[in-house]
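Provided herewith is a single structure, encoded as structure tokens, for subsequent inquiry.
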Amino acid sequence: MAKKRVGIIFGGKSAEHEVSLQSAKNIVEAIDKDRFDVTLIGIDKQGQWHINEASNFLLNADNPALIELNKSNQGVALIPGKEDRQLVGTANQSVLDQLDVVFPIVHGTLGEDGSLQGMFRLANLPFVGSNVLGSAVSMDKDIAKRLLQGAGLHVASGLTFTRAAKETIDFESIADQLGLPLFIKPANQGSSVGVNKATTEAEFTAAIEEAFSYDHKVLIEAAIKGREIECAVLGNDYPKASTCGEILPQDGFYSYDAKYIDEDGAKLAIPADLPEDVNRRIQDIAIQAYKTLNCEGLARVDVFLTETGEVIINEVNTLPGFTKISMYPKLWEASGVSYQDLITTLIELAIERHERDKQLKSSVFDRN
């Protein structure tokens, strides 16, 4: 059987650029090379696309704090629509081999907010992960919370402010309404980028400024006392949930550094020490959230489990990390799915959806 040609796209103009590089490194190492030929396409911090070689596509690859994309002199142009000419190398105008599927591992803005997904659809490229709608609504924490609440699921109490309403933000009135401490976060970021905990007005003011430096919309949420539980979901029309895992932060909350820089920043309990009925209930809620937000392919659903047994959804991440300490692949490994098999399944799901969508009519006129 001929190998499938997989384009792994990584990097990007995002605060999560370095996380994406780590994820790409692990996927390249783990992918089944007997079944797939890989083309590496790195996006630098200026948004330029590069065709990279697997042997040297990263600098400082083993240092999460210093990891960099090794830029090439071979750029990429995309030709929408035609299945036999999708990507062109700009250095010598050579046509790259047609890709059978794309595996985007571009975290954060412009990567998992529907932007990249829309481009893949225009280019007629099958791709791993949620479609435009699922990606966009899941990325925007404000919109996601509204949809989840509408579906009867529990989310954290909070307020949303746009930049236009920034001057109306008042620490004392918000603290009276939501209590202390408060969590301040950009609406459209992941990996805890720009997220801060505030117990004083000075901390609050600094956190608001930082959050607005990442987005034009900011969430202010009440702190939730409970265990941080995560569940991985996999599938298109009939998604399945992994066993649950627990995050045990060592510095108060699961910050960016704890996730990706400081290997001692948090402990992971996989599987989580939960009664089986609670594990199943969280799995059911994770699948319900996944369907509510129109997710496909994969997502990680993060929840809080309170002392009273209430399950509160924190966020749904449609392109979770694939670093060596990331929860998503670890949860599936604990559920009996190896890292390599997980990558294979995700690629197969992408192709399956693309073939399904090709059956839809694109015209009201039935012409041969």
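Just so you know, glycine gets a Cβ as well, placed from its N, Cα and C.
Pulled these from Swiss-Prot:
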- 175-230: ATP binding site (BINDING)
- Asp302, Glu315: Mg(2+) 1 binding site (BINDING)
- Glu315, Asn317: Mg(2+) 2 binding site (BINDING)
- 145-348: domain 'ATP-grasp' (DOMAIN)
Out of these binding-site residues, Gln189, Asn196, Asn317, which one has the fewest other C-beta atoms within 10 Å of its own C-beta?
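The binding-site residues Gln189, Asn196, Asn317 were compared, and Asn196 has the fewest Cβ atoms within 10 Å.
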Cα-Cα, whole number of Å: Lys217 (ATP binding site) versus Glu315 (Mg(2+) 1 binding site)?
16
According to DSSP, which kind of secondary structure is Leu182 (ATP binding site) found in, if we only use helix, strand and coil?
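For Leu182 (ATP binding site) - judged by DSSP and reduced to three states - the answer is strand.
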Do you know offhand how many angstrom separate Asn196 (ATP binding site) and Glu315 (Mg(2+) 1 binding site) by C-alpha?
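Here the two Cα atoms lie 16 Å apart.
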What are the sequence-distant neighbours of Glu315 (Mg(2+) 1 binding site), meaning same chain, six or more residues apart, C-beta distance under 8 angstroms?
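Correct list: Lys141, Ala144, Gly190, Val301, Asp302.
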Tell me which residues of the chain lie with their Cβ under 8 angstroms from that of Glu203 (ATP binding site), as long as they are six or more apart in sequence?
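Residues satisfying the criterion: Asn196, Lys197.
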Counting all other Cβ atoms within 10 Å across every protein chain shown, which of the binding-site residues Ala175, Leu182, Ile224 scores highest?
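For the binding-site residues Ala175, Leu182, Ile224, the Cβ with the most other Cβ atoms within 10 Å is Leu182.
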Which residues of the same chain, at least 6 positions away in sequence, have a Cβ lying under 8 Å from the Cβ of Glu210 (ATP binding site)?
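Sequence-distant Cβ neighbours: Ile184, Gly194, Asn196.
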Across the whole of the domain 'ATP-grasp' (145-348), what does the mean pLDDT come to? Round it, please.
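It averages 94.
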Which three-state DSSP class does Ala175 (ATP binding site) fall into?
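It is helical.
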